[in-house]
Amino acid sequence: LRVVKFRRTGDSSRSDEDVISGEHEVQIEGVRTELEPIELGDGAAVPKEFANPTDDTFMVEDAVEAIGFGKFQWKLSVITGLAWASNYAMEMMILSILAPQLHCEWRLPSWQVALLTSVVFVGMMSSSTLWGNISDQYGRKTGLKISVLWTLYYGILSGFAPVYSWILVLRGLVGFGIGGVPQSVTLYAEFLPMKARAKCILLIEVFWAIGTVFEVLLAVVVMPTLGWRWLLVLSALPLLLFAALCFWLPESARYDVLSGNQEKAIATLKRIATENGAPMPLGKLIISRQEDRGKMRDLFTPHFRWTTLLLWFIWFSNAFSYYGLVLLTTEFFQAGDVCSISSERKEVKAKCSLTCEYLTEEDYTDLLWTTLSEFPGVLVTLWIIDRIGRKKTMALSFVVFSLCSLLLFLCVGRNALTVLLFIARAFISGGFQAAYVYTPEVYPTATRALGLGTCSGMARVGALITPFIAQVMLESSVYLTLVVYSGCCLLAAVASCFLPIETKGRGLQESSQKEWGQEMVGRGSQSPGVTRSNSGSQE
């Protein structure tokens with residue numbers, strides 16, 4: 001026997017719950033039907049009482065929720081984290097190690113050293129939208145594999161650059177490949193059940209920290225003996241491991257359904273169910289209406305126009321503030337405190353622009369501590385994001401960063417300065433991760449990768465501009481610099497509050513043809529294995 005709940009339009013004299021067997025008859029939505037065996041795809045007969053009596057259907061979202069989080073998602077977490085650590089964190093961290101080394105070894109002026117960093121962000125900015133478009137048009141796995149192999153190839157070639165112009169071009173091409181890394185989050189999010197999605201995406205930040213720590217430790221070993229060329233080559237090699245593991249990665253079932261490849265989507269879902277030891281939902285998989293994918297105009301439909309514009313500013317502000325704080329930290333620590341930085345600047349101007357200093361063991365230690373300071377931000381964000389929601393989490397992160405920036409107006413000592421800078425960095429990094437959670441959730445499958453790609457591109461614009469504020473404007477006025485960062489984050493906090501959609505407790509939208517939330521509301525309360533009827537009611 002099995003207890004089945006039905007919602008009836010007729011026969012109001014009967015109770016809401018019945019215990020039914022294969023010999024009973026029931027009236028549902030005014031239709032009288034006998035319970036009889038039905039055929040599943042594999043030819044197995046199942047008594048009708050174990051299926052929905054109305055021609056049941058389910059969507060990929062229902063299947064992902066029913067299968068739940070298990071062994072498959074654990075493997076996917078490690079592989080996605082490996083992409084984040086090797087293709088993103090290590091290649092970004094190497095910038096702070098490579099620049100001073102080449103400044104001394106090749107006797108580069110300061111503007112050429114700065115250009116080595118900027119050209120990577122230029123490459124990332126120019127490619128982010130392209131990788132998003134490729135992922136929406138040809139699949140998440142395809143876009144991710146190409147970007148990883150691209151970064152691996154040009155990362156190794158960078159180690160053989162004979163002159164400055166060559167390494168400038170090659171590092172720009174490395175940045176072009178790094179622009180595709182956020183698509184790993186798109187693929188990752190589309191396999192995660194709703195309750196685990198925010199926590200899992202936030203934990204990717206742990207792999208960022210692992211990657212940066214590993215890069216610093218690798219530099220400590222390699223730089224004194226083998227030099228920067230070997231560091232570039234060895235830093236690219238972990239991408240080989242990820243490229244090999246990419247063949248294990250399945251294509252997103254959501255993408256397959258949207259592109260009309262129903263059989264491949266079902267095979268992927270069955271594979272996940274088998275690995276997790278969970279049953280597949282009963283019924284028939286809905287084939288979403290095939291839509292044009294990866295079209296920029298879809299980001300500016302009336303329903304998503306404001307969301308897109310506000311998210312672009314939020315991502316811009318995140319990168320602008322995060323990388324600005326990294327640059328300001330070095331400046332403030334060199335000066336001792338904010339109040340003495342102006343006199344320190346006067347002394348620096350008198351120095352020759354070719355004066356250089358190699359990184360010392362103490363410098364590498366400071367880099368490690370700076371990286372570890374992001375862990376508290378991840379933990380705080382992890383704790384609050386499912387309690388107060390995505391929008392409020394981003395707003396809170398920006399407000400705390402802005403408050404810490406304003407407190408720097410006070411002539412605090414070195415210890416208080418360190419505390420304020422670390423709190424600011426913890427919250428701005430946590431806010432960055434909250435944006436990575438929110439963005440894939442808010443866009444439908446047809447434009448999810450493109451939406452994330454364009455947001456990532458806007459973040460690179462902020463990263464490009466921030467050196468002119470944190471270094472150039474700082475020479476003129478410390479307080480004006482702090483006002484710019486604080487004001488930008490306050491505006492970003494307001495923008496977060498004005499986002500029209502809160503994605504907390506919602507599933508991922510499959511089609512842009514439906515109003516947002518129409519196909520997701522209530523799934524959090526569905527029990528696993530319950531399917532979705534054609535009429536839209538829950539049985």
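Cβ coordinates are placed from backbone N, Cα and C, and glycine is handled just like the others.
TrEMBL has this to say about the protein:
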- 76-99: transmembrane segment (TRANSMEM)
- 77-504: domain 'Major facilitator superfamily (MFS) profile' (DOMAIN)
- 111-134: transmembrane segment (TRANSMEM)
- 146-167: transmembrane segment (TRANSMEM)
- 201-222: transmembrane segment (TRANSMEM)
- 228-249: transmembrane segment (TRANSMEM)
- 303-323: transmembrane segment (TRANSMEM)
- 393-410: transmembrane segment (TRANSMEM)
- 416-438: transmembrane segment (TRANSMEM)
- 450-470: transmembrane segment (TRANSMEM)
- 482-501: transmembrane segment (TRANSMEM)
- 508-517: compositional bias 'Basic and acidic residues' (COMPBIAS)
- 508-539: region 'Disordered' (REGION)
Check your understanding: Under an 8 Å Cβ to Cβ limit, what residues of the same chain, 6 or more beyond the ends of the transmembrane segment (450-470), are close to it?
Key -> 114, 117-118, 121-122, 124-126, 128-133, 135-136, 179, 182-183, 185-186, 294-296, 298-299, 308, 311-313, 315-321, 323-324, 327-328, 331, 435, 439-440, 442-443, 481, 484-485
Check your understanding: With the transmembrane segment (482-501) as the reference, which stretch in 76-99, 146-167, 303-323, 416-438 has the largest tally of C-beta pairs below 8 Å?
Key -> 303-323
Review point. Cβ under 8 Å to the transmembrane segment (146-167), counting only same-chain residues 6 or more beyond its ends: which ones?
Key: 83, 87, 91, 102, 106, 108, 112, 116, 127, 131, 134, 173-174, 176-181, 183, 229-233, 235-236, 239-240, 242-243, 246
Revision key, fill the gap. Averaging the pLDDT values of the domain 'Major facilitator superfamily (MFS) profile' (77-504) gives 81
Check your understanding: Okay, the transmembrane segment (76-99) and the transmembrane segment (416-438): do they have at least three CB pairs under 8 Å, pairs separated by 6 or more?
Key -> no
Revision key, fill the gap. Sequence-distant residues near the transmembrane segment (303-323) by C-beta distance (under 8 Å, 6 or more away from its ends) are 394, 398, 401, 425, 428-429, 431-432, 435, 438-439, 442-443, 447, 451, 454-456, 458-463, 465-467, 469-470, 485, 488-489, 491-492, 495-496, 498-501, 515-516
